Amino acid sequence: MAIGLGGSSSSNNHSGSGHGYRHHSKYRYSDDEDEDEAPLLLHSSTSFTGSSSSGATRGNSNSNNNNGAAQFKFFLNLYFLLVALSQFVPALKIGYIVTYVAPLCFVLAVTIGKEAVDDMKRYRRDQEANSQRYQMLTPSGFKMVPSSKIRVGDMIVVKKNQNVPADMVLLRTTEESGACFIRTDQLDGETDWKLRLAVPSCQALPSDEALLELNASIYADSPHKDIHSFIGNFTREGDGPGQHMESLSVDNTLWTNTVVASGNAIGFVIYTGRDTRAVMNTNHPKTKIGLLDSEVNRLSKILCAFTLTLSLSMIALNGFEGLWYIYLFRFLILFSSIIPISLRVNLDMGKTVYGWQIMNDQEIAGTIVRTSTIPEELGRIEYLLSDKTGTLTKNDMELKKLHMGTMSYSVDTMDEISTHLDTAYSQQSSGYNRTRGITTAPSHIGGNKARRDISSRVRDIVQALAVCHNVTPVTEDNGSITYQASSPDEVAIVRWTESVGLTLVFRDINNIHVRNAGGEIFEFEVLQVFPFTSETKRMGIIVRDLTSGEITFYEKGADVVMAKIVQYNDWLEEECGNMAREGLRTLVVARKRLSEEVYQEFEAKYHVAKTNITDRTNAMNAVVNQVLEQDLELLGLTGVEDKLQDGVKTTLELLRNAGLKIWMLTGDKIETATCIAISSKLVARNQSIHQIAKLTNALDAQDELDLLRGKKDCALVIDGESIQLCLDYLREEFIEITRICCIGDGGNDVSMIQQADVGVGIVGKEGKQASLAADFSVNQFSYLTKLLLWHGRNSYKRSAKLSQFVIHRGLIISIMQAVFSAMFYFAPIALYQGMLIVGYTTIYTNAPVFSLVLDQDVPEEIALLYPELYRDLTKGRSLSYKTFFSWLLISVYQGGAIMILSIWLFENQFVNIVSISFTALVLNELLMVALEINTWHRFMILSEIATLFIYVGSMVFLPTYFDMNFILTKTFVWKVAVITMVSSFPLYVIKMLRRKFAPPSYSKLTG
């Protein structure tokens, strides 16, 4: 993802050949003073441009000004734009222009207005960010500047709890150790504090102003997205010949949008604006389009074809007489209501209602809908991909087992470890001549040599666990001590060492202090730290015991990598397997004692590797592997348990019964994964388990799949290499993924969540990165039950019914128009104009139709009690070609019946045909809503009554269309009632017969 481009420089002795070029950027001041060159320079492999902190975001804002034009990329909007423009051509004009322009303007106003509000919020955030003021160090002292004026090369003071305005190298901090903590939750979503280190030679200066006197330069690699990687050098010209070079890594940086959590810091700006890590990682993932929206688009194209076919039929039946091509366009305009422009608005408003219901459901409190375009997709999930740690589990670690080859300790015997520690440290205290730093044999310990050996071995591994980590104890304002680390595993182990009698009491970049149960403090000098990475799968530390002077390299990591590093043994692999089968996460602990000469040799080689500009990481790893990671002494093996979240077992069982195929993704050993799958009820009772591991070629993969295909009701456990092989060569045979829901809680789950059809993030101990990137954010895994089985089911069924009803509403009036034109020599004359055609889809029918978004076919208790109801939704039967053509036939029947009966029954009152047929049409639509809805709720009843009153009341104000003297007659009332009954009653009869002879699955549960 990130490519570092290095530049070579003879003057600065940068080794390696770079692919970029070096750019010198003066340290400049953001005022009108002379821009004389200052001693501190920036050397980089790319050129930089000064810009405001959020310049990229503002650029995105500006691009959104074209939203109006972008709206016409949608087929419906473009179609109605052309229809509206056609009304400016006299030969094509039908009725009032406002009849066609107003609906289009309304739809565009709603859509563009929503995006304009988002743009305004974004603009205000940018303005707020760019107006924040910071102290800048200049030759004339500290000056306040807004963040928009900060440039590359400026030295900026960032105070405690202040946001970092640009990407910077940390030069100095008010903490004496030269370390400071930062909060990165706004950048990567992780809640744990990160430790950052000042450049040592700058921290050693007597004052901040002394930075201006430095004759030094900073090399920074070219901007890239990786927030966990940075390659740079700080080169200082000394008093004597030569230069002093210090390597810079990500530990020396402060990225934009992080917050300084301890002390004040002075940073040297290296990237601003679009070059910052924060902006480069501001992903704008493609807008997810739900399957229902795609289906509606396909149906819209069918409707367009139907409109064209109907228009051609009218021309053909008239024998293509006269200016038939003009008539064809006029018919296309008359039948344009077949393609419902209001469909998108109704669906979008429905999605808003679904989102509001989800976020206001107190049983899943804290749930956030971040993508409002796909709530219906929650109702037709087929595959669920779930992370394990922090998603199925609490990410609440507890050390359960400690194995040392010949000895093993579990929860019940942990008190023995405390006893052994006390024994070991008392022997150590009496065995040390502390003034001379040498070991002597105490006179009273000759009796129990075996116990002494056990105690010393226990002390060695506990001490290794208490020292080998990246945990820092932090004293809160109330005096309590909390542990800060990048991983909950680390904190769990340090808390365990505290529980057995060895407490971490102090940690900075140079020292670690631990205290035993007797109150004795043991001090260690930190010489080197090798952080954990997903590539190395291990972390290490070199410390010097300030009591004995011994130098020790401690390392802990995954058994797959540590097994190749430690000395030969005959128990590690077996015990790792045993712990994995118990569902424990294993960690191998080892050490190596180093002489002063060996360490000095290592330090020299490592320093050279650290200052490399090209391939620095590999060079550093090679030195560590060559000098340190050879024949390490195996101290022991730990087993850590991550407890399951509350309700996970029930949730997985319900989702499995709902027909979802669930995949658990984990980095654990295959035995651990199997154990967790069984304990979490991911695997059903009496269900067999098939394991696939260590496949090397496609033939083996094919054989395994053939074997799996022959097993019924079988759970699959497969390792990473094997699944990659299957996807590379046997993708179709392996799996056919249609609708996927991914759920995770950490930053490593973001890509999975964003690529899924529906992404759900959990707010967990790993932070909010997954939650912020997801379409839906929940607080715990068990919330999925209601999110999918209730809200998802309702959203899909409601939107399916709403979209078909809106389509029906447009079809029926167009069929009536076609019948009217056919009876009058196929003349392209409008049946309804002006207020009637506009009011039909708005004030006369919209509220009752929209009340369908609150419909429910079964109560909540039934939907959650019988998850099998969810299975039917995945087949997409609620909105299909079958249901579409059923509604098409209904529209043809009702439109034809209303129009033909209106002409036949009111043959002598033909002058009132508009008021007659339109009244029957409105009443028919109100009855259809009452007929189709499953549950008569308050909003539906009120909207039906209110709409009826509005329609009757509007007749008085529309004398052009309604003759009140005629409408108030008994003849009008009973004949309109007959027309309405003929158009709607047969559908009621059909519905009753269908419920009796072919009832839906849910009807058996609701009686």
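From the backbone N, Cα and C atoms, a Cβ is placed for every residue, glycine too.
What you are looking at is a predicted structure, and each value in this text was computed from that prediction instead of being measured.
Noted in TrEMBL for the protein shown:
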REGION    1-36  region 'Disordered'
TRANSMEM  74-91  transmembrane segment
TRANSMEM  97-117  transmembrane segment
TRANSMEM  299-317  transmembrane segment
BINDING   Asp387, Lys388, Thr389, Glu490, Phe532, Lys556, Arg585, Thr666, Gly667, Asp668, Asn748, Asp749  ATP binding site
BINDING   Asp387, Thr389, Asp745, Asp749  Mg(2+) binding site
REGION    432-451  region 'Disordered'
DOMAIN    772-999  domain 'P-type ATPase C-terminal'
TRANSMEM  884-904  transmembrane segment
TRANSMEM  910-927  transmembrane segment
TRANSMEM  939-960  transmembrane segment
TRANSMEM  972-990  transmembrane segment
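With a cut-off of 8 Å between Cβ atoms, the residues of this chain six or more beyond the transmembrane segment (884-904) that come close are 299, 302, 306, 804, 807-808, 811-816, 818-820, 823, 910, 913, 916-917, 920-921, 924, 978-980, 982-984, 986-987. Only sequence-distant pairs (6 or more apart) were considered; of these, at least three Cβ pairs between the transmembrane segment (939-960) and the transmembrane segment (910-927) are under 8 A, so the stretches are in contact. For the transmembrane segment (299-317), the partner stretch with the highest count of Cβ pairs under 8 angstroms, out of 74-91, 97-117, 910-927, 972-990, is 74-91. Using a 10 Å radius centred on the Cβ of Phe532 (ATP binding site) and all shown protein chains, the other Cβ atoms total 19. Note on the transmembrane segment (910-927): residues 809, 812-813, 816, 831-832, 836, 840, 844-845, 848-849, 894, 898-899, 901-903, 944, 947-948, 951, 955, 961-963, 966-967, 972, 975-976, 979-980, 983-984 of its chain, located 6 or more positions outside it, place their CB under 8 angstroms from a CB of the stretch. In the predicted model, the domain 'P-type ATPase C-terminal' (772-999) has a mean pLDDT of 90. Counting only same-chain residues six or more apart in sequence, the Cβ atoms lying under 8 angstroms from the Cβ of Arg585 (ATP binding site) belong to Met397, Asp489, Gly639, Val640, Glu641, Asp642, Asp668, Thr672. Around Gly667 (ATP binding site), taking its Cβ as the centre, 15 other Cβ atoms fall within 10 Å, counting all chains.
Cβ neighbour count for Thr389 (ATP binding site): 26 (other Cβ atoms within 10 Å of its Cβ, all protein chains included). Asp387 (ATP binding site) has a Cβ environment of 26 other Cβ atoms inside 10 Å.
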